[in-house]
Ligand SMILES: Nc1ncnc2c1ncn2[C@@H]1O[C@H](COP(=O)(O)OP(=O)(O)OP(=O)(O)O)[C@@H](O)[C@H]1O
Ligand SMILES: [Mg+2]
């Protein structure tokens, strides 16, 4: 809104009455957002601004442990490890030479096993969710068939599934991947459905009058037009996959980031718990970035429907 | 082109149903034949059913009564034989200009290179070869509409349907495109149905001007009140007396009081 306003105030007074297209033969220059620095300066500034809050956080953590603060919710900071302890544990967890316990160097097998579980569950959920979602978004009948059912299942949290899954699947890899698939499926299917539903009707008409068949229209128009919504669903789904991973790895597996955290709790190693938490956080963060990158590469900078 | 692209509307009527069950008769008793290669413009007040008429021929809407045919073949849904140019262009934003123009040929089985060659050829027709690898969002409205025209031409349609195609453009771009469209029509001899709000535009472009009146707002279904032939030979001069005489005749019909309907 403010963009458009600033743009029109600098333009000549002669403005078309509510004409949707820009008059004239030259497209308007892209306006920079007000109150932002130039692009390069802004990037550097953003990087610099990312540091203070984590630094203060670590300092407060250190102080809290030293003075054994008791925070709201009954958080007893005295039970926490020092930041430096966690850093050492992390180092040993990652590099065997720096570790002196059973967990030395275990990060990589843990990470490999966890990534494999997340990836299997997430890919399965993506295929099922995108295919069903796109069809739901375009078909009244299919949508009416599945939408109520999906919305009945969706509020059931993965934690509530765990006991049942333990009895009908057992514990281990399969149940973990099942839980991940289940949890990631809902945001993906709903994202795809809402994206497919909101494809501009004009583009559908355009493709039909140009001779596209039903399937060509789905692949060539609906999917690209719904891509931003699909990717949003995928990102939420991937985030949930990491959440549920820990849940699934609590019992029945020895290798995995979640498994290590559970073992660390059993032997009361808060430093290892926190180290494991940091690893999962980083893995989730990086996988989200990777997903965005894959998406950008797939579209090679093509502009998408706003 | 010797193919038969005669358009016939026979006893056409269109009812729209509102969600609460009310029926709106948007069009009634429409009988119209457009000869192969003819350029017909449709004018009339807002809501008289111009777009409805065009959308039925395009196959986007079904007729409630009567029939529409092209070259004797009844219309059943949209198809590449009837290219539509929309007021808001309807270009695919994620495809380049050349890919947009090649979209139709590709869907109908052309190889990538052949589609590209067709795109180049029709971008030449509309003077946009230099912009082949840009995205529609990087072009002005007038340029986007040229792309949209090239895109339907690449399908070699027998009928060109245009619904206020220049309505969103500034006056200068608009008259440029009008001249270009006349040239394209001369070259391709495509049958054209052209909906516009501008009587001048209609008289400038068309062989015949269909005047529609009525519409839900008037309590009368939209219908054709008169078809005015534009008997102006050769280059049309918008300032000439003959031109303005026809303009006035049509304006009187468009603004005619309801009783004469
Ligand atoms: N999808 C629809 N559902 C219900 N009524 C509709 C629909 N489309 C059009 N109408 C009605 O049909 C009538 C004719 O509409 P149409 O869009 O054809 O008019 P028009 O002549 O193109 O008007 P304008 O010049 O404003 O574009 C109007 O009364 C409109 O409200
Ligand atoms: Mg209209």
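Cβ atoms here come from the backbone N, Cα and C positions, even for glycine.
The annotation compositional bias 'Low complexity' is assigned in TrEMBL to A:1-24.
The region 'Disordered' annotation in TrEMBL covers A:1-39.
The transmembrane segment feature in TrEMBL is assigned to A:46-67 (among others).
According to TrEMBL, the feature domain 'ABC transmembrane type-1' maps to A:111-295.
The feature transmembrane segment is assigned by TrEMBL to A:115-137 (among others).
Look at TrEMBL and you will find A:149-171 (among others) tagged as transmembrane segment. Same-chain residues lying 6 or more positions outside the transmembrane segment (A:149-171) and placing a CB less than 8 Å from one of its CB atoms are 178-179, 182-183, 186, 189-190, 240, 243-244, 247-248, 251-253.
If you look up TrEMBL, you'll see A:177-197 (among others) marked as transmembrane segment. Long-range Cβ contacts of the transmembrane segment (A:177-197) within its own chain (Cβ-Cβ under 8 Å, at least 6 residues beyond either end) map to 117-118, 120-122, 124-126, 128-130, 132-138, 143, 147, 150, 153-154, 158, 161-162, 165, 169, 222-223, 225-234, 236-238, 240-241, 243-245, 247-248.
Taken from TrEMBL, the feature transmembrane segment applies to A:272-299 (among others).
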Spatial neighbours of the transmembrane segment (A:272-299) far in sequence, C-beta under 8 Å, 6+ residues away: 80-81, 86, 89-90, 93, 103, 107, 110-111, 114-115, 118, 224, 227, 231, 234-235, 238-239, 242, 245-246, 257-258, 260-261, 264-265
